[in-house]
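These come from Swiss-Prot:
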COMPBIAS  60-69  compositional bias 'Basic and acidic residues'
DISULFID  Cys75-Cys90  disulfide bond
DISULFID  Cys82-Cys95  disulfide bond
DISULFID  Cys89-Cys110  disulfide bond
REGION    60-83  region 'Disordered'
SIGNAL    1-21  signal peptide
Amino acid sequence: MNTVRVTFLLVFVLPVSLGQADKDENRMEMQEKTEQGKSYLDFAENLLLQKLEELEAKLLEEDSEESRNSRQKRCIGEGVPCDENDPRCCSGLVCLKPTLHGIWYKSYYCYKK
């Protein structure tokens, strides 16, 4: 009977206890790798953030250049009624009282200067 017990201990208990030790070692190795991976991810994240900030700065610079050179928007064209107090006529146009054909409307229109 003793040989059966010894055999049982050798065959079943010893591998289980060694397997648990390996499991603990594997767990420690995984923790080390994840810590290394986190530091690598932090580095990669910072690098990506720097690149995105540079790209954003370039895009904002281009937008400001476009806004300086772009044409006037939301203005009233020629022959369109306008408000005498708040004229929004496009550049090159003036808000004037109509002559002849538009007198009966009692309104101001955008005309060329």
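Glycine is treated like the rest: Cβ placed from N, Cα and C.
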Among Cys82, Cys89, Cys90, Cys95, Cys110 [disulfide-bonded residues], residue with fewest other Cβ within 10 Å: Cys90
Candidates Cys82, Cys89, Cys95 (disulfide-bonded residues) - the one closest to Cys75 (disulfide bond) by CA: Cys89
Between Cys110 (disulfide bond) and Cys95 (disulfide bond): CA-CA distance (Å): 4
Cα distance (Å, whole number) from Cys110 (disulfide bond) to Cys82 (disulfide bond): 6
